Amino acid sequence: MNLHEYQSKEILASYGVRIQRGFVANNVEEAVEAADKLKELTGSEGWVVKAQVHAGGRGKGGGVKFSPNYDKLKENAQNIIGMRLVTPQTSVEGKLVNSVLVAEDVYYPGETETKEFYVSILLDRALGKNTVVYSTEGGMDIEHVAEVTPHLIHKEVIDPTLGLQGFQARKIAFNLGLSGDSFKEFVKFIDSLYKAYVGIDASLFEINPVLKTSDNKIVAVDAKVTLDDNSLFRHKDLAALRDTREEDPMDVEAGEAGLNFVKLDGNVACMVNGAGLAMATMDIIKLSGGNPANFLDVGGTADAQRVQTAFGIILRDPNVKAILINIFGGIVRCDRVAQGVVDAYKAMGSLPVPLIVRLQGTNAVEAKQLIDDAGLPIHSAITLEEAANKVSEVLA
Ligand code: GDP
Ligand code: MN
């Protein structure tokens, strides 16, 4: 689950990470209120208005605007709220901007002493360890830096039992070319940042840029946080920060129904129990001459309600030419699944594409009989080979 910049920054601040302060606003009036509050804190005018969408590269797309006075602030808030922001990380249609973060200006005018760094923390799955990735080349596209000057990107692997150690924090600060006060500030910064990462069970923190101000403060100017979905059960407060407007409506519906769903580009939809079987089923679809239209794991229960919800989600994709249900009845009996499929089919009246159902395991023979006796145009199968052949047949 991804968070907005303003949400990410609030969390970082609560762990003692210094951030560029700001307030979120949903309209121009709220933007002015936010600016007033910041003026009280900083004693000066000059703010940045930043589009809050789940995509990076907002600056390039015109979603981050410096506003030296109230007139500019209102104009920028007016223009950004409600716009469809297109960035290198969005589709061509862009993302609708529902709110902006009005933030203090931390780049003091005329300053030459500021420096932008790149800092991220992520889980290196191959090593099974959290890793700090950092670079002196902050503020820009890190993919570009990685391509052109890979030697400027450094990594520090963290031992999970020891956490980020003092010498590692100092090594990072040293490699970023810091000294004196900014060195000490950075060591505190990265230490708090790592504690926040572990504390909220994140799988990614990306702070680009981390700014060294002319008075040697280290500030998170941007913040991208991805939380580990599997940890949300123990972070109810964080789970509540989810903004479903940023997500694909199909994914949201599937999530609410407890289905593991990933949309793909092919023509054969599948409905399977268990991720491993889902992967194997996608291979079978490929071998039968089709292409998987989705990955869908219905989990342990495949009752009529769930199957019907799954049909609804699958059929919204106009590319789907056939549906393959492939379920192994271990704990759940095949005849019960078959009944669920038949009930769901009847409830829907008809399906616009052929349906192939392969049930194997406990009571597989009874299940096939149940489907064949239902008098519905469902192709039933017991072996995977039969199912694959039927997929080829209906696609031909
Ligand atoms: P991104 O484009 O989505 O990564 O958004 P960022 O939050 O990184 O902002 C983009 C750029 O806006 C930064 O790299 C800065 O150059 C600029 N920016 C951000 N905050 C300030 C600020 O307080 N003052 C000024 N003048 N520029 C800022
Ligand atoms: Mn950024």
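Glycine residues also receive a Cβ, built from the backbone N, Cα and C atoms like all the rest.
Nobody curates TrEMBL annotations by hand; they come from automatic prediction.
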Candidate sharing the substrate site with G330, I331, V332 (per TrEMBL), from N273, N291, N389:
N273
Within the set G57, G59, D222, which binding-site residues show a CB-to-ligand 2 distance under 6 A?
D222
Please list the binding-site residues from D222, N273, G330, V332 whose Cβ falls under 6 Å of any atom in ligand 1.
D222
Within 10 Å of its Cβ, which one of these binding-site residues (E116, D222) has the largest number of other Cβ atoms?
D222
Using DSSP reduced to three states, classify I331 (substrate binding site) as helix, strand or coil.
coil
Max Cα distance spanning K50, G57, R58, G59, V106, E116 (ATP binders), Å?
19
N273 (substrate binding site) and K50 (ATP binding site), distance between Cα atoms, whole Å:
43
